[in-house]
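Worksheet: one structure, shown below.
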Amino acid sequence: MLGFVGRVAAAPASGALRRLTPSASLPPAQLLLRAAPTAVHPVRDYAAQTSPSPKAGAATGRIVAVIGAVVDVQFDEGLPPILNALEVQGRETRLVLEVAQHLGESTVRTIAMDGTEGLVRGQKVLDSGAPIKIPVGPETLGRIMNVIGEPIDERGPIKTKQFAPIHAEAPEFMEMSVEQEILVTGIKVVDLLAPYAKGGKIGLFGGAGVGKTVLIMELINNVAKAHGGYSVFAGVGERTREGNDLYHEMIESGVINLKDATSKVALVYGQMNEPPGARARVALTGLTVAEYFRDQEGQDVLLFIDNIFRFTQAGSEVSALLGRIPSAVGYQPTLATDMGTMQERITTTKKGSITSVQAIYVPADDLTDPAPATTFAHLDATTVLSRAIAELGIYPAVDPLDSTSRIMDPNIVGSEHYDVARGVQKILQDYKSLQDIIAILGMDELSEEDKLTVSRARKIQRFLSQPFQVAEVFTGHMGKLVPLKETIKGFQQILAGEYDHLPEQAFYMVGPIEEAVAKADKLAEEHSS
């Protein structure tokens, strides 16, 4: 790459290279207008969609410059609008370019959706006449595709007649639904303290290695088994190995069935090794697949994005490549716009809903970083994973005091659920405030009432842990899916003091409260023998 830069620097200033220096080719007034406005996308008509290959007679251009993932293409006539997909001709593999800027002199600056190795100036490029189109419909279930809709699971083409552009408008206000309903996940700490709204947006916050991806896998597993719903998983800029593991674990657990058409999930991957263009668009590809199930089949769809931070990071890389001046902490100046354009499409309509769970990597565990902070504005619930809780060996390492939900309201969840949840949070907060005293003076200096608070809080803390079905092979504990009524009942009884006589280790890594009682009996037997 450095060699390429050196060759460009040493080369004579040809017409094509002069175009890279805006001042050499554009008057000052035009410099301010380099980025053309985003095209307005009409409402989708799936039935009318055809295969996304360029049509005969499409506008033809030629490559005039290649700068890493950015390719400049010059057209003699028929300049393609912003966000149109172009296809490079004369290559063994398909290379799609997306128009990002109009530079003047009939030249467009594009972002490549795959590696640009082997591209040469003068190579022919065709305008597809539309944004990137991808296959949608039931045929995508059980399959893995990339950002441009090509299957990457070595199981042949995706046989569907329906294609949809990845760029679309958010639903109109009149189409949206305003009903509130809990999506029961079977995970105690989530259902009790920060319940997910059906059709809402949920953020999974946490640093590296605290269990975001495992929690997402458990949610896919539970929703497929408990609700029978379709899921779409968009792997954005994460490890290829994790994507591969996830696929094989889904096959083993029956979420994906290779023998027939009963698969419950479609996978869309744009992993760490992909160019920034692919990582910046793969979330939209996954969202487009989910929108089809919502709008055409009236489904309640689950959309998982792992990791939404990588979407922002890729946008930052693309922005720098396009020469935009960075804003705070080096992020793109259009950070809020990019995020809002995507998040507003994730919503509940009168036909169906998309509930989105987004893993959010927090750089250096700093929640004030612009990337996680911008995402916060769009969320209905937050599940914050804490390293301090993970260090105690409590998984899922959800912070019960930092995690929030907009629907934690007695009018929506009911007064019993609300009172138990607030009681649990109060006792945990009291325990937190007593920890300094315990650290300095020890437990003996506490009053009897405070000792009881600490005892119950430690039991609650351990009862918030739960063995996951997808982690059975690592933990050796049988995975549990706990109904909401059982969860509320268990915590209500601990708060009431019904289990003050049980040891706290009995509450660790169990499902419903009955299992804690059985575990306590087993521990007592072992101790007596």
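Note: Cβ is positioned from N, Cα and C throughout, glycine not excepted.
Bear in mind that the values here come from a model prediction, so they are computed numbers and not experimental data.
Among the features that Swiss-Prot reports, ATP binding site is placed at Gly209, Gly211, Lys212, Thr213, Val214, Arg239, with the record citing similarity to another entry. Among the features that Swiss-Prot reports, ADP binding site is placed at Gly209, Val210, Gly211, Lys212, Thr213, Val214. Residues annotated as phosphate binding site in Swiss-Prot: Gly209, Val210, Gly211, Lys212, Thr213. Residues annotated as Mg(2+) 1 binding site in Swiss-Prot: Thr213. Swiss-Prot lists Glu238 with the feature Mg(2+) 2 binding site, giving similarity to another entry as the kind of evidence. As annotated by Swiss-Prot, O-linked glycosylation site applies to Ser106. Look at Swiss-Prot and you will find Lys124, Lys133, Lys161, Lys264, Lys426, Lys480, Lys485 (among others) tagged as N6-acetyllysine. Per Swiss-Prot, N6-succinyllysine is recorded for Lys124, Lys161 (among others). Taken from Swiss-Prot, the feature phosphothreonine applies to Thr312, supported by similarity to another entry. If you look up Swiss-Prot, you'll see Ser433, Ser529 (among others) marked as phosphoserine. Annotation source Swiss-Prot lists transit peptide at 1-47, citing experimental evidence.
What Swiss-Prot annotates, mapped onto the structure for a quick look.
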residue : record                : Cβ neighbours (10 Å)
Lys124  : N6-acetyllysine       : 13
Gly211  : ATP binding site      : 20
Lys212  : ATP binding site      : 26
Glu238  : Mg(2+) 2 binding site : 23
Arg239  : ATP binding site      : 13
Lys264  : N6-acetyllysine       : 22
Thr312  : phosphothreonine      : 25
Lys480  : N6-acetyllysine       : 18
Lys485  : N6-acetyllysine       : 13
Ser529  : phosphoserine         : 5
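Nearest in space to Lys426 (N6-acetyllysine), taking C-alpha to C-alpha distance over the recorded positions Gly211, Val214, Lys264, Ser529, is Gly211. The candidate set comprises the binding-site residues Val210, Val214. Of these, Val210 has the most other Cβ atoms within 10 Å.
Each of the recorded positions Thr213, Ser433 was ranked by the number of other C-beta atoms within 10 Å, and first place falls to Thr213. Other Cβ atoms within 10 Å of the Cβ of Lys161 (N6-acetyllysine) number 12 in total over all chains. The record gives Gly209, Gly211, Lys212, Thr213, Val214, Arg239 for ATP. Within 8 Å of the mean position of their Cβ atoms, the other Cβ atoms in that chain belong to Val210, Leu215, Ile216, Glu242, Ala359. Taking the C-alpha atom of Lys480 (N6-acetyllysine) as reference, the shortest distance to any of the binding-site residues Gly209, Gly211, Thr213, Val214, Arg239 belongs to Val214. Ranked by CA distance from Arg239 (ATP binding site), the modified residues Lys133, Lys161, Lys264, Thr312 have Thr312 at the top as the closest. For Val210 (ADP binding site), the nearest neighbour among the listed modified residues (Lys161, Lys264, Ser433), judged by C-alpha distance, is Ser433.
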